[in-house]
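Colleague: Have a look at this one.
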Amino acid sequence: METIVLLFLLALVFCTLEMGMVEAEHGCPDNEDECHEHCKSIGKSGGYCVGPHKQTCRCNP
């Protein structure tokens, strides 16, 4: 039972991290418009830079 709960929690964390996160090479932190355009190019509604130093491009659903 403990193994199933642990696997479920790991899967939940993995899925949460995979929701719209892309690497900093998409304009962040210097050019948030590049991040926004990248996200639109992959079918999302847009995106913005997040994180302590705004180095991660996060795409909207």
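Cβ atoms here come from the backbone N, Cα and C positions, even for glycine.
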Colleague: Disulfide-wise, see what Swiss-Prot says Cys39 is paired with, picking from Cys15, Cys59.
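Modeller: Among Cys15, Cys59, the cysteine that Swiss-Prot links to Cys39 by a disulfide bond is Cys59.
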Colleague: What's the number of neighbouring CB atoms sitting within 10 A of the CB on Cys39 (disulfide bond)?
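Modeller: Cys39 (disulfide bond): 21 neighbouring Cβ atoms within 10 Å.
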